[in-house]
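Quick notes on the structure that follows.
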Amino acid sequence: MAGLSLQHPWAFAFGLLGNIISFTTFLAPIPTFYRIYKSKSTEGFQSVPYVVALFSAMLWIFYALIKSNEFLLITINAAGIVIESIYIVMYFVYADKKAKWFTAKIMLGLNVGFFGSILLVTLLLFKGDKRIVTLGWICVAFSVSVFVAPLSIIKRVIQTRSVEYMPFSLSLSLTLSAVVWFLYGLLIKDKYVALPNVLGFSFGVVQMILYVVYMNKTPVVAEGKDAAGKLPTTAAADEHVLVNIAKLSPALPEKSSEVHPVFEMGAPRRCATEAAKAAANRDVVDVFVSRHSPAVGVA
């Protein structure tokens with residue numbers, strides 16, 4: 001076997017190291033899915049990276065079986081298929097109906113339809129080296145998509161100035177994995193293994209740079225809301241809402257400090273008391289309407 005031959009000790013070393021690092025890369029989303037499990041919701045996380053990673057692992061196993069003597073590629077991608085499948089199952093359990101339907105359509109089209117087409121075309125239309133070359137370039141294309149898939153969240157990171165949905169551990173693991181697998185492909189002279197990892201390294205560096213830039217930034221929230229997602233309450237807003245009923249209701253008498261006794265009733269003190277109560281009641285009405293009738297303007 002190419003990876004295990006004593007004629008390629010360095011290739012074996014880098015292949016084994018690549019298995020270890022790639023395995024930790026597959027495990028990197030565990031905190032994300034633990035959060036999904038605790039909250040019982042997928043929140044803003046997307047299923048696309050995991051579906052694409054599953055498809056890539058399926059392709060690489062097929063490539064390794066066709067080429068033969070690629071045991072180290074088979075072991076890591078077999079593990080990848082199991083782990084990514086678990087992630088996708090968990091996503092289906094906690095995603096809303098729209099996200100489930102979207103994920104199901106992607107899997108049906110990519111992991112079933114497209115992979116089945118590749119399988120049939122390469123086995124029926126190509127033979128020998130042509131089959132390996134065709135399948136190799138297909139693997140290159142989708143390996144790049146695995147590295148690009150996490151970048152789908154970059155727009156959200158820039159807009160919200162938050163790295164909440166782009167774990168640094170995943171970006172770091174992808175970068176280290178790309179370096180090791182590039183060296184492995186170089187040593188066994190397999191350009192289909194080496195080439196995609198050049199771009200993988202570049203994309204991993206971009207993600208880590210973005211993380212460093214935005215890790216300490218204050219997240220941007222929706223306009224008109226505070227950090228807690230609530231509408232702000234300011235003194236200025238209250239001033240615009242405050243309404244004086246006296247200006248809108250000319251039928252109400254103006255406040256006056258004078259008390260006019262009603263001699264016909266013979267109870268000037270009682271009238272004074274009731275006048276004071278009426279003034280107080282009008283103040284209460286002013287406040288009540290000012291807080292609950294914002295549509296009423298002030299002249």
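Cβ coordinates are placed from backbone N, Cα and C, and glycine is handled just like the others.
For reference, TrEMBL has these:
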type	residues	note
TRANSMEM	12-36	transmembrane segment
TRANSMEM	48-66	transmembrane segment
TRANSMEM	72-94	transmembrane segment
TRANSMEM	106-126	transmembrane segment
TRANSMEM	132-153	transmembrane segment
TRANSMEM	165-187	transmembrane segment
TRANSMEM	193-214	transmembrane segment
Stretch in 12-36, 48-66, 72-94, 106-126, 165-187 most in contact with the transmembrane segment (193-214), if contact is a CB pair under 8 A: 165-187
Surrounding residues of the transmembrane segment (72-94) on its own chain - C-beta under 8 Å, 6+ positions past either end: 3-4, 12, 15-16, 18-19, 22-23, 26-27, 29, 33, 36-37, 40-42, 45, 47, 50-51, 53-54, 56-58, 60-61, 63-65, 100, 103-104, 107, 184, 193
Going through 12-36, 106-126, 165-187 one by one, which has the most CB pairs that fall under 8 Å from the transmembrane segment (48-66)? 106-126
